[in-house]
């Protein structure tokens, strides 16, 4: 009776699950990834009425990867798993999203609150009555945990979790017990959108930091801009572009920052990754007397084995929660507001010429013929074939490093997992990215993945077919785990894999007529395929077996692998 009275007092009653899903729709999510399980089934019934499409992945790990890829294109995503077995299958993907600042709302269907209070010995538990253990595991890779156990707190917990996910650009964890799915809460709150705006900087503090930045910038003789992943994740790309335009400064990207700036812009200078950079880029960045570093993540793979040669004394770091000018750090101040004011007050700065970049093939590399396809030839060639606004996904390994040599057309979105580096990630991410692209108007989605990595997650090709997605998948066939070979065990059998008939796999997954597979082994084969207009714009999934020599790898991969091997000794 108490529940009935409480419900009658609500002005606009709404079920908890509906409230949650309508909030997801409000922030731009249109598809939800995950795997059904008995503790989330009742909640899934609410998706259609809330305008959300259920993707239905092959396993939870892949679903997490897909949610990551969807978020990188769409801005935010949602993942639904079931208690224990499902959420722990996904936690690797969630950890990757946490490390790389990708916003995923992870919703976990839980047993009835009564069962939890009584410590019942239910399936999917550890058998010890502890129903909080999995939430504790997820807390370390989530920016907030919202447990929807009390109707009086549910709406606030949901709204706060989604806001934190958006603002901090990291996963959040929400538990939804089976009995809470249909509980009534006040729905009038849905009339007020969640406030997704950044907290304003303290004006006095912000102005002071801006003045300090400008003092050093105006004094510098050879300043440059270096853009990295957190500029993308924390949504300052417009500010980066405006600074690039207003200042005329040479602008470079770190590997994780690929796609952050227009690579056709006259000020774009290339990829800086320490010793992994080309000579002209390395010289200009390392001889600079002031580096405006925006959103840096200075990890091993992002710096070609920690080979950056730029000192903090010549660096101004802009981040989402602080700005560091040389050795002085200013906490609790976000870079977005600071960058805007720097642009407004910029004035004249000393801008050096930018090195000319192109996708020209190396002079000493045979341009065509019946020769094997090499990395030195392939990655610049890809730059000639890509189109504006493509989505380019590269797997950890040869593709991740090879793409550094590709100059993108305007508007390209680059997706990779350079920091977390979970092999197989890119296949699931491709599914999520392709779905987000379809929702936005069918931008091309192109995946480059190794024959070793694809064997971990290839089931998501089935999900691509099921959801009528049309990515172009290049499988680099080079007989195993190349990056591992360069780190340790060149001839070791543990770096070998079983050879598969990759181009036949989509047929096994039910692709039917809406699929085409290719096998290319020479440069002439590749050139002919790139000239094929149907291949460039087919409305269905395509897979290319791309054969490369076993011992071949991008030079930056070799350098980084050597550094990793030395640290492991």
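Note: Cβ is positioned from N, Cα and C throughout, glycine not excepted.
Values in this document were obtained by computation on a predicted structure and should not be read as measured data.
Annotation comment: Swiss-Prot describes 38, 124, 484 as pyruvate binding site. Summarising the annotation, Swiss-Prot assigns thiamine diphosphate binding site to 398, 421, 422, 423, 452, 453, 478, 479, 480, 481, 482, 483 and lists similarity to another entry as the type of evidence. If you look up Swiss-Prot, you'll see 451, 478, 480 marked as Mg(2+) binding site, on the strength of similarity to another entry.
Sequence-distant neighbours of residue 124 (pyruvate binding site) (same chain, 6+ residues apart, CB-CB distance under 8 A): 37, 39, 82, 83, 84, 85, 86.
Cα separation, residue 482 (thiamine diphosphate binding site) to residue 451 (Mg(2+) binding site), rounded: 10 Å. Residue 480 (thiamine diphosphate binding site): 19 other CB atoms within 10 A of its CB, across all protein chains. Sorted by the number of other CB atoms within 10 A, the binding-site residues 38, 451, 484 start with 38, the lowest.
Neighbour counts of Cβ atoms within 10 Å were compared across the binding-site residues 398, 422, 482; the minimum falls on 422. Long-range Cβ proximity for residue 478 (thiamine diphosphate binding site), meaning a same-chain Cβ under 8 A and a gap of 6 or more residues, is found for 398, 450, 451, 547, 548, 549, 550, 552. Taken residue by residue with DSSP, residue 484 (pyruvate binding site) is part of a helix.
For the binding site of thiamine diphosphate, formed by 398, 421, 422, 423, 452, 453, 478, 479, 480, 481, 482, 483 according to the record, the largest Cα to Cα distance is 20 Å, rounded to a whole number.
The record gives 451, 478, 480 for Mg(2+). Within 8 Å of the mean position of their Cβ atoms, the other Cβ atoms in that chain belong to 450, 452, 476, 477, 479, 481, 482, 497, 550. The distance from the Cα of residue 480 (thiamine diphosphate binding site) to the Cα of residue 38 (pyruvate binding site) comes to 38 Å. Within 10 Å of the Cβ of residue 452 (thiamine diphosphate binding site) there are 24 other Cβ atoms, across all protein chains.
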